[in-house]
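Structure first, commentary second.
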Amino acid sequence: MRDYEEVSAFLGEWGRFQRLVFFLLSASIVPNGFNGMSAVFLAGTPAHRCAVPRGANLSGEWLNASIPLELRDGREEPSRCRRYRLAALANFSALGLRPGSDVELGELEQEPCLDGWEYSRDVYRSTIVTEWNLVCEDDWKVPLTTSLFFVGVLIGSFISGQLSDRFGRKSILFSTMAVQTGFSFLQIFSTSWEMFTVLFLIVGMGQISNYVVAFILGTEILGKSVRIIFSTLGVCIFFAIGYMLLPLFAYFIRDWRMLLLALTVPGLFCVPLWWIIPESPRWLISQGRYKEAEAIIRKAAKINGIPAPAVIFDTAEMQDSKPQQQQKAILLDLFRTRNIATITIMSLLLWFFTSVGYFGLSLNTPNLHGNVYINCFLLAVVEVPSYVIAWLLLRYLPRRYSIAGTLFLGGGVVLFIQLVPTDYSALSVGLVMLGKFGITSAFSMLYVYNVELYPTLVRNMAVGATSTASRLGSIIAPYFVYLGAYDRVLPYILMGSLTVLIGILTLFLPESYGNSLPESFEQMLKVKCFRNGQQTTGARNSKKSPKILVTPM
């Protein structure tokens, strides 16, 4: 049986058909950028204080003094969750006593916000926080909302590959688009936080499934050289474009229900793509559906203006193509020797904490100084050069030093934020952008490095395990952001410290640059502390770097 690359070589690498598939599949990723970070605005917490009812019978002075002051970020600000007991204030007001001079406010009894809250509308007109009062005793629900979205992402990443292997790439791609768009639309009609959160979890399942299946479909249809560009400049940058459009929508639409509607509409533009994007010929061949695969290849030849050969798959090839029995691997194989167990544990930690840093910085946008919409836009823009730099580093420099260097950059500047005076807000924002640049670059290189470390038998399983660690990191990242409500710099101290430490750990992993992919456990590279002065592979002297395939985060 001839290889698919050989069968389709006559199509060329960059014809009209390939360009069409490249740009349409990349464009289908744009809505993922909306939904992936939409919680920044949907669940934004505006400035708030206890509401004082109009019938409280307070004078103007006592009304202004009804909220106690508390120290926050070095400044005294009105309490968000407490007020002075209104019954006592009403008595003082009726007696003509004045706050501060006649009555010592610090000695008055306080009570919780029994009549609800007043929310500032300077930044948001409404969010799910103002809709269901997710503040004070219920403020834990805000990070949980985002975490459950990423739980959906974790579930979706598990099932998307299996579903697309069984039912085909194209059908699952459009099914998950429908899930993402449909359930986002249903969120608009949420009547409770619980309903919104359950629907958000399902949106997360559709979001990652759509992303992964579009990536798989593109890599299977496009040729080797275009595949590299598709996986970096295509998928990743179009995701960043969607991310950049999010603050633009949010700036002009300050109501969370209308914002959700605006973010849902672009998904409808993907419907016509059903009649343009083909099924993966590789998948059809794996299912023995040669006539359908041949029809797609002939159509591609027609679009490219290239004559197709009279016979693409002959009868003998179809009869001889039987699936080969492969040795089965289990999860414990990732820990079968001391060397591979060490590589696996270090890789899991690397993925976990890099994910915490990436999503922590992205979701912490509302806690930054300055305009939340501009800050979100800048955090999205900085991803574009980070992907380009990652691609260049993978082509020309060793993996360990590239990943460790970008992690040191990202973690180091984030750690430095605690030393910046509060008056220098522009400098703080600039350091966050630089930190996001470094961590995003490292994140986008991890898949390539992971693939090169493991042998063929467990390579796919290793990528799945480390990707799962990444999802777990994204699930706890909102709680790092949650700490910012108590101390503005605490999330940066934690994320910066962990990122620098994991960068140091990366230096102990083996170097895969210039080596051929290992086929067996014996060919695996050794962890630095296990080496005996000699590498186990003979490809160290190779002058050429292997082909790079950057896969999605």
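Glycine residues also receive a Cβ, built from the backbone N, Cα and C atoms like all the rest.
Curation plays no part in TrEMBL annotations; they are all automatic predictions.
Marked as domain 'Major facilitator superfamily (MFS) profile' by TrEMBL: 88-514.
The transmembrane segment annotation in TrEMBL covers 20-43 (among others).
Among residues of the same chain six or more beyond the transmembrane segment (140-159), those with a C-beta under 8 A of the stretch's C-beta atoms are 39, 43, 45, 128-129, 132, 134, 176, 193, 196-197, 200-209, 212, 359, 363, 467-468, 471-472, 474-479, 481-482. Marked as transmembrane segment by TrEMBL: 140-159 (among others).
The transmembrane segment annotation in TrEMBL covers 171-189 (among others). Long-range contacts of the transmembrane segment (171-189) within its own chain (CB-CB distance under 8 A, at least 6 residues past either end) are made by residues 28, 31-32, 35, 156, 160, 163-164, 196, 199-200, 202-203, 205-207, 209-210, 213-214, 217, 257, 260-261, 263-264, 267-268, 270, 273-274, 277, 279.
According to TrEMBL, the transmembrane segment annotation covers 195-217 (among others). Within the same chain, residues 25, 28-29, 31-32, 35-36, 39, 128, 141, 144-145, 148-153, 155-157, 159-161, 163-164, 169-170, 172-173, 176-181, 183-184, 186-187, 231, 235, 239, 277, 280, 551-552 sit at least 6 positions outside the transmembrane segment (195-217) and bring their C-beta atoms closer than 8 Å to a C-beta of that stretch.
What TrEMBL lists as transmembrane segment is 229-253 (among others). If one looks beyond the transmembrane segment (229-253) by at least 6 residues along the same chain, the residues whose Cβ comes under 8 Å of a Cβ in the stretch are 22, 25-27, 29-34, 36-38, 40-41, 211, 214-215, 218-219, 222, 259, 262-263, 372-374, 376-377, 379-381, 383-384, 387-388, 390-391, 444, 549-553.
What TrEMBL lists as transmembrane segment is 259-277 (among others). Only residues 6 or more beyond the boundaries of the transmembrane segment (259-277), in the same chain, are considered here, and those with a CB under 8 A from a CB of the stretch are 20-21, 24-25, 28, 30-31, 34-35, 38, 41-42, 170, 173-174, 177, 180-181, 184-185, 187-188, 217, 246, 249-250, 253.
Marked as transmembrane segment by TrEMBL: 340-360 (among others).
As annotated by TrEMBL, transmembrane segment applies to 372-394 (among others).
Taken from TrEMBL, the feature transmembrane segment applies to 401-420 (among others).
Sequence annotations record features per position, and here TrEMBL assigns transmembrane segment to 426-449 (among others).
TrEMBL lists 489-509 (among others) with the feature transmembrane segment.
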Is it true that the transmembrane segment (401-420) and the transmembrane segment (340-360) have 3 or more CB pairs under 8 Å, sequence gap of 6 or more? yes
Using a Cβ distance cut-off of under 8 Å, indicate which of 20-43, 340-360, 426-449, 489-509 has the most pairs with the transmembrane segment (372-394). 426-449
PLDDT averaged over the residues of the domain 'Major facilitator superfamily (MFS) profile' (88-514): 84
